[in-house]
């Protein structure tokens with residue numbers, strides 16, 4: 001049994017008991033006690049895939065086409081230049097141009113989070129300022145990791161504090177150990193949550209205990225926790241997460257927004273059933289087949305996926321069939 005499936009199933013009895021015992025107005029999820037957030041991050045954010053032409057140039061026309069399709073889905077906002085946006089493969093000029101393109105197309109009531117994390121503090125600050133000038137509402141700053149052995153709590157707190165001090169827009173921390181080999185330490189998160197310009201974290205590690213502890217440790221701060229994957233979204237909400245930045249939302253945006261809605265309404269049975277149908281497709285477009293799988297799946301749902309930038313390679317015909325069968329087996333195709 002997949003861990004996420006087991007987790008969702010094991011949480012259900014506790015959620016059902018809470019549902020039965022609580023007053024009706026408390027059945028849905030609520031923000032943990034603490035100050036009102038300066039910027040509400042509740043809801044679903046797709047980390048946009050960056051479209052490339054057959055010659056591997058950024059295809060801005062296809063990006064705008066995808067954005068028109070996403071406009072009909074009730075996302076809280078969009079993330080650009082995250083891991084699924086092939087951020088490491090874009091030149092600094094391209095990064096800024098992508099943010100500018102998305103900002104022009106995005107309604108002002110939807111948030112734009114832009115990845116700006118670099119290996120050095122100075123480069124991160126410079127790119128964060130550029131992202132703000134291009135129209136980003138929030139900077140999403142991944143942990144520096146090339147010298148991961150030297151990335152102690154003290155070093156990371158210093159790095160993020162400098163970025164938070166210099167950034168003209170709020171900062172969200174980004175911990176993605178599958179890509180960086182580095183989990184942002186809990187004591188660093190607790191310390192950084194006290195910074196007035198650091199308003200949250202996207203945690204993609206999938207450790208629900210850790211996420212619940214983050215929510216608990218930062219409950220008195222203006223700080224929100226975002227789940228970094230659709231596979232553990234329900235479980236994350238159950239321990240107090242505010243929203244989700246989910247690769248699968250590039251493909252199944254409406255169902256993920258529906259899962260968000262069901263959790264907030266306290267409709268746990270329906271939420272659990274929907275969550276179960278999302279686990280395997282999510283694993284397929286993340287851990288199993290990665291960005292090439294995500295882009296291939298986008299094409300089946302009317303979006304432009306297109307090629308990845310080398311050295312990311314396209315799926316083999318056998319992998320395409322396996323990916324398609326995963327979506328079909330769960331009722332999406």
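Cβ from N, Cα, C; glycine included.
Note that TrEMBL annotation is computational and uncurated.
The structure displayed is predicted, hence computed values, not measured ones.
Feature list (source: TrEMBL):
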- 1-16: signal peptide (SIGNAL)
- 174: active site, proton donor/acceptor (ACT_SITE)
- 202: active site, schiff-base intermediate with substrate (ACT_SITE)
- 245: pyruvate binding site (BINDING)
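Projection of TrEMBL feature records onto the structure.
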residue	record	Cβ within 10 Å
174	active site, proton donor/acceptor	28
202	active site, schiff-base intermediate with substrate	27
245	pyruvate binding site	29
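Cα spacing between residue 245 (pyruvate binding site) and the residue listed as 'active site, schiff-base intermediate with substrate': 7 Å, rounded to the nearest whole number. If you measure from the Cα atom of the residue listed as 'active site, schiff-base intermediate with substrate' to that of the residue listed as 'active site, proton donor/acceptor', you get 5 Å.
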